[in-house]
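Please find one structure pasted underneath; my questions will follow.
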Amino acid sequence: MAVKKYEAGVKEYRQTYWAPEYVPLDSDILACFKITPQPGVDREEAAAAVAAESSTGTWTTVWTDLLTDMDYYKGRAYRIEDVPGDDTSFYAFIAYPIDLFEEGSVVNVFTSLVGNVFGFKAVRALRLEDVRFPLAYVKTCNGPPHGIQVERDKMNKYGRPMLGCTIKPKLGLSAKNYGRAVYECLRGGLDFTKDDENVNSQPFMRWRDRFLFVADAIHTAEAETGERKGHYLNVTAPSPEEMYERAEFAKELNMPIIMHDFLTGGFCANTGLARWCRKTGTLLHIHRAMHAVVDRNPHHGIHFRVLVKALRLSGGDHLHTGTVVGKLEGDRASTQGWVDLLRESFVPEDRSRGIFFDQDWGSMPGVFAVASGGIHVWHMPSLLAIFGDDAVFQFGGGTLGHPWGNAAGAAANRVALEACVEARNEGRDLEREGKDILTNAAKDSPELKIALETWKEIKFEFDTVDKLDVVNR
């Protein structure tokens with residue numbers, strides 16, 4: 001048997017990591033990157049460089065390569081595609097053997113795929129557009145603590161989306177006044193209320209005081225309405241120890257659901273908290289604070305659909321997804337694409353919705369999509385048409401901004417939702433007939449009538465920054 005000779009020096013990445021003949025294995029983790037190379041760096045070399053730097057490569061040949069099977073462990077750039085309307089960038093498809101990654105560790109996957117390679121000088125900009133997690137890897141992750149069906153059973157709510165509200169002002173209220181707002185919203189007809197993402201434990205409202213007043217509000221509202229209620233108590237904290245202390249106290253108070261800011265808190269903390277929630281029977285609401293820092297630039301960063309997949313693997317029962325019709329970024333096709341990635345067991349490749357790979361989730365539970373941000377009663381027909389039943393519609397200002405107060409705002413939203421669900425079940429076109437559906441419902445609901453008058457002129461007519469690059473294949 002001939003001995004492979006070690007040859008020192010620097011060689012082009014394409015010699016090792018460009019493999020257009022490679023057929024990805026079912027067990028490979030596949031990634032699609034949008035690459036904008038530096039002037040003078042051709043596509044194959046740039047794609048191979050990304051494959052190398054995100055897997056086994058370094059800038060020079062090293063003799064220790066001979067101590068392992070580099071052909072097995074290396075990432076392979078196996079396909080390149082044009083980006084429609086952009087002649088400076090291209091899509092590179094890279095396959096990684098599953099054994100490069102620790103089982104069940106979103107942390108480890110991201111450390112490789114979006115690690116040092118994003119500072120690599122050979123590329124001017126780099127964006128991770130999509131990742132295919134093979135079923136063999138999905139099964140190593142715990143996923144959502146409970147999922148959609150179990151949450152419906154716990155909350156005893158079926159046949160419609162859930163209604164929520166983020167308490168406003170998000171900062172500055174005392175714990176007692178905060179609890180009062182929670183009670184009024186839940187008594188008025190909402191299923192959930194919510195801490196905003198930056199409500200932790202500030203001088204004006206320490207976390208323990210907030211938890212106590214909120215628990216009292218929930219128990220009182222449940223007794224008065226006969227319905228199960230919840231409030232997303234944010235347990236995000238400066239350290240894991242403090243996070244678990246807050247979660248444990250929420251459990252002591254018999255709170256059904258807690259909340260975590262999964263990006264600012266980190267995937268390690270989130271996965272640990274999701275496992276705790278599964279063990280204790282606690283639901284977990286996930287906020288995506290900080291996502292736009294990494295996903296809004298269409299040329300550099302990580303697309304939100306990748307963060308969606310990562311969250312489903314790491315664990316959460318709810319995730320904020322944008323609204324399409326509200327104040328936050330997100331076009332309809334893309335949003336419905338990542339909502340399916342949250343909820344469905346199998347999602348086929350669909351470039352018209354920005355989905356680059358088939359994604360098989362096996363039996364992993366789905367996650368409720370949370371529509372939140374600048375929505376009000378006039379949006380209800382479109383929200384139901386876009387998101388369907390397995391969603392939470394959260395009206396912050398659209399509840400608390402009602403001229404008659406919080407309970408009236410909650411009642412208006414509940415009446416609007418139930419009218420739209422009834423119309424949908426009758427086969428009516430929600431988006432075409434939405435105005436008639438709401439105005440007819442308002443004849444028997446003065447709260448809804450006032451809400452419709454208050455927000456009839458409110459629109460968010462801004463174009464989406466991150467547009468789909470639809471590939472004609």
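Cβ coordinates come from backbone N, Cα and C, glycine included.
Summarising the annotation, Swiss-Prot assigns active site, proton acceptor to Lys168, His287. Per Swiss-Prot, substrate binding site is recorded for Asn116, Thr166, Lys170, Arg288, His320, Ser372, and the stated evidence type is sequence analysis. Look at Swiss-Prot and you will find Lys194, Asp196, Glu197 tagged as Mg(2+) binding site. Per Swiss-Prot, the feature N6-carboxylysine maps to Lys194; the stated evidence is sequence analysis. Positions annotated as site 'Transition state stabilizer' by Swiss-Prot: Lys327.
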If you measure every Cα to Cα distance among Asn116, Thr166, Lys170, Arg288, His320, Ser372, the residues said to bind substrate, what is the biggest one in Å?
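About 37 Å separates the two most distant Cα atoms.
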Does DSSP put Lys170 (substrate binding site) in a helix, in a strand, or in coil?
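Coil, per DSSP.
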Which binding-site residues are spatial neighbours of His287 (active site, proton acceptor) here, meaning Cα within 10 Å, out of Asn116, Asp196, Glu197, His320?
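Hits: Asp196, Glu197, His320.
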Return the residues near Glu197 (Mg(2+) binding site) by Cβ distance under 8 Å, restricted to its own chain and a separation of at least 6 in sequence.
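When sequence neighbours closer than 6 are ignored, Glu197 (Mg(2+) binding site) has Asn234, Thr236, Asp261, Thr264, His287, Ala289 within Cβ distance under 8 Å.
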Counting every protein chain present, what is the number of Cβ atoms, excluding its own, within 10 Å of the Cβ of His287 (active site, proton acceptor)?
28
Within the chain of Lys194 (Mg(2+) binding site), which residues six or more apart in sequence place their C-beta under 8 angstroms from its C-beta?
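Listed in sequence order: Gly164, Cys165, Thr166, Ile167, His231, Tyr232, Met259, His285, Gln394.
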Hey, which of the binding-site residues Asn116, Thr166, Ser372 is the loneliest by Cβ count within 10 Å?
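Looking at the binding-site residues Asn116, Thr166, Ser372, the Cβ with the fewest others within 10 Å is that of Asn116.
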If one measures from the C-alpha of Ser372 (substrate binding site) to the C-alpha of Asp196 (Mg(2+) binding site), what distance in angstrom results, rounded to a whole number?
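The Cα atom of Ser372 (substrate binding site) is 11 Å away from the Cα atom of Asp196 (Mg(2+) binding site).
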Rounded to the nearest angstrom, how far is the Cα of Asn116 (substrate binding site) from the Cα of Lys168 (active site, proton acceptor)?
40
Whole-number answer please: how many Å between the C-alpha atoms of Asn116 (substrate binding site) and Asp196 (Mg(2+) binding site)?
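Asn116 (substrate binding site) to Asp196 (Mg(2+) binding site), Cα-Cα distance: 33 Å.
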What's the CA to CA span in angstrom from His320 (substrate binding site) over to Asp196 (Mg(2+) binding site)?
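Answer for this pair: 12 Å between alpha carbons.
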Using Cα coordinates, what distance in whole Å links Arg288 (substrate binding site) and Asp196 (Mg(2+) binding site)?
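If we compare the Cα positions of Arg288 (substrate binding site) and Asp196 (Mg(2+) binding site), the gap is 11 Å.
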Cβ neighbours within 10 Å, counted over all protein chains: which one of the recorded positions Lys168, Asp196, Arg288 has the most?
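Counting every other Cβ within 10 Å of each candidate, the maximum falls on Arg288.
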